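Colleague: Below: one structure in C-alpha cells.
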Amino acid sequence: MVAEEDIEKQVLQLIDSFFLKTTLLICSTESSRYQSSTENIFLFDDTWFEDHSELVSELPEIISKWSHYDGRKELPPLVVETYLDLRQLNSSHLVRLKDHEGHLWNVCKGTKKQEIVMERWLIELDNSSPTFKSYSEDETDVNELSKQLVLLFRYLLTLIQLLPTTELYQLLIKSYNGPQNEGSSNPITSTGPLVSIRTCVLDGSKPILSKGRIGLSKPIINTYSNALNESNLPAHLDQKKITPVWTKFGLLRVSVSYRRDWKFEINNTNDELFSARHASVSHNSQGPQNQPEQEGQSDQDIGKRQPQFQQQQQPQQQQQQQQQQQRQHQVQTQQQRQIPDRRSLSLSPCTRANSFEPQSWQKKVYPISRPVQPFKVGSIGSQSASRNPSNSSFFNQPPVHRPSMSSNYGPQMNIEGTSVGSTSKYSSSFGNIRRHSSVKTTENAEKVSKAVKSPLQPQESQEDLMDFVKLLEEKPDLTIKKTSGNNPPNINISDSLIRYQNLKPSNDLLSEDLSVSLSMDPNHTYHRGRSDSHSPLPSISPSMHYGSLNSRMSQGANASHLIARGGGNSSTSALNSRRNSLDKSSNKQGMSGLPPIFGGESTSYHHDNKIQKYNQLGVEEDDDDENDRLLNQMGNSATKFKSSISPRSIDSISSSFIKSRIPIRQPYHYSQPTTAPFQAQAKFHKPANKLIDNGNRSNSNNNNHNGNDAVGVMHNDEDDQDDDLVFFMSDMNLSKEG
C-alpha cells in the first residue's frame, strides 16, 4: 500500500509539472523565440526538462488551479492565448495585413482594437474521452511516464519555434533595433516599440470574450470567409496536436490553433510620404476595399491632409516618376502574376502604399469589378440583348461580334422555342444566360446550328432540295412508289385469276396461301406496332382483294361438287362460284368486314333460298364478259375494304361468327395465321352435313340425272373427314355457293 501511494504521488507531481512547464514554454519571455539579446536568458536544458519538482514563480496566480492536483477534483482546460498588443497605437496609425500574394488588407485603426489574437493553446487532462476509457489498465511506470513528458516538452519547444508568431516576433525585434526608415519595406514601420507580442492564461471552462479585440475566429482576409479546410477549421486558421501521454488519471493533451497570415504592417497616416501615396492610390482605386474600421474618419482629417499634399505635389511627382521608371518593369511582371482569379470582387485588398500599379492592370480591373447583372443576356458584351420590353424578334437587333463566340449564336437562342417571336417579354432569361456562359462552340451547338440553318436560309434549302432531286434522277432504283390508303395500287388482277385457274389439282391449300402471300404488295404490309387496339393481332393480307380462292373443291378429289352444283364444266363452275360470291358480298354491306373471298361465309347456312336461286343460274355470258364483270366488281369491292384476314387464321373465324353463338373462348394474340385442330372445329363442321343434304335436295329437284354424283360427293366427304376438320371453311363456302 505504501508503494502504491508513493507511485500515485509521483504521478500527480508529473501532472502538475506538465501544466506548469507547458505554460512556461508558451508564456515565458525567456523562451527561445524571444531570445533577442543575451541577457536574462533562461536555458531550457536537459536538467530543466528532467527536473519535475521545480516550481516557477513567474506564472500568474491563475495557474495555481493546475499546480496542486490531488487526483479527485476535475481540472478545467487551461487556455493560453498569444496576441499582438495594439494598446500603444494612436488614431493616426493604420494596421494592415499582407496576404501570401503580397496584397495588403486593412485591419483597423490604432484606437479601434486593442488586441489581435494570433494563437490559442489548449492544455487539458482528458479523463472522459473514449480513447482514455478504451485504454488498457496497466500498472503505471513512473520512469516511463517521466520520459514521455520530457519528449513532449522538447517537441513543444520545437513547435513553438516553427509557428508564424515566432517569425512575427523576430521581424518585430529587427524593426526595433534597425534603422527607422520610413521608406523601408519592414513589416512594422513604427517609430518605437508601439506593438508587442504577449500572452494570457484563461480558464477554458468559462466563455472567452472578444470585445475590443479581433478574435481568433474572425478572418481578416475576407477571401477566407465561409471556407473550411480539411480539418473542418476556417480557412484562415491551422491546427497542430501533440500526441497525448496516458496516465491513470487521464490523457495529457496539448493542441494549438493559429493564424496562417502574420505579416502585419503599421503605418502613420500623418506621414507626408504616406499621405501622398495614399492619395495617389485613392485616385486610382480599383473597387471597394476592406476598410470597415475607417468609416469613422472625418472629413476634417481629409481637409488637413489635402493642403499638405498640394504644397508638396511637384517634388513628390518628380520623385514618384523616378521611382516609377525604375520599378515599372518589375511591378508589371510581379502584379500580373499576383492577381488571383479567385480574388473577391467586392472585398479586394488595399494596394501596397509604396508601389504604383500600371495603367494596363487598372484597365483590366474595371470590367472585373463591375457588378454582375443576372437579368442581362450579354454578360460577355457591353449591352443587353434588347431594351424593348415587348416580344421583339432577335433578328431585329444588331449582331454583337464576339471573337470567341460562334457567329450563329443569335439564332441558336430560339431553338428550344416554337418560334422566334415566342420568346419571353423580358430582354433575357436564365436559359439564355446558361447558353452564354459557354465560350467555346461545342459539337452539340454545331449540330443544332445545322438543323436550324435550313429554315433560316431559304436559298441554301432550295439548293439542297435540287441536289436531292438530281440524286433521285441519277439513280432510278431509288424512286419511291407511294400509294394512298384509299386508292389501292393498280395491279393486274387478271393475271392472278389466270394463275388461280391454271393451278394443278395436285396442289394443296397451303401452296395457295403461300402464293397469296407472295403476291402481296410489300408497300401495303402493315406493321404490328402501328395498331392501337388491344384485340388479337390478325394476319393482314393485301389491300386489293381477289375472288374466291380455288379450294379443295376445285381439285381432283372434289371436282364432282362443281359439276353437280354448276351443271357445267369445272372452269365455268369455278367462275360462277366466284361471281355468286361477289354478288352476295356486294349486297351484304352490313355483314362483318371480311373481304369478298369470304362473302357471306359465316352466315351461309342461313340463306338456303338464295343458294337455290344462285344454283339455278346458268352460264349466260361469254367468258370474256364474265371476266370483265368480275374484274369491275372486284375493283369496286376492293375499295370497300382496307384489310383482310388470312383464310386459315383463327381470328378470321372468330370475327365472322357471332360471339354469342361460339361455344369457346376467343383466341388470344396470335402472331401468325394458325390452324389449330381442336374440338371446336368439329362443331363448326356440323353445318356442312346440312349443306350436303340441301345440295342433294336441290340436285334431286333440278338435276335428277346427277343424283348418283351427289351420293359420291357424300362418300368423298366421309373419306376426307379429317381434312374437312382442318379446312372446313373452304368446303362450307363452295358447297353453299355451288
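The backbone N, Cα and C atoms fix where each Cβ goes, and this holds for glycine too.
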Colleague: Pick from Ser28, Ser231, Ser554: which does Swiss-Prot describe as phosphoserine?
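Modeller: That would be Ser554, per the phosphoserine annotation in Swiss-Prot.
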Colleague: May I ask you to name which of Ser37, Ser190, Ser461, Ser671 Swiss-Prot has annotated as phosphoserine?
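Modeller: That would be Ser461, per the phosphoserine annotation in Swiss-Prot.
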Colleague: Looking at Ser36, Ser384, Ser392, Ser438, which is the one Swiss-Prot tags with phosphoserine?
Modeller: Ser438
Colleague: With Swiss-Prot as the source, which of 600-629, 690-719 is set down as region 'Disordered'?
Modeller: 690-719
Colleague: Annotation phosphoserine in Swiss-Prot: match it to one of Ser17, Ser225, Ser496, please.
Modeller: Ser496
Colleague: Write down the residue from Ser129, Ser646 that Swiss-Prot flags as phosphoserine.
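Modeller: Record says Ser646.
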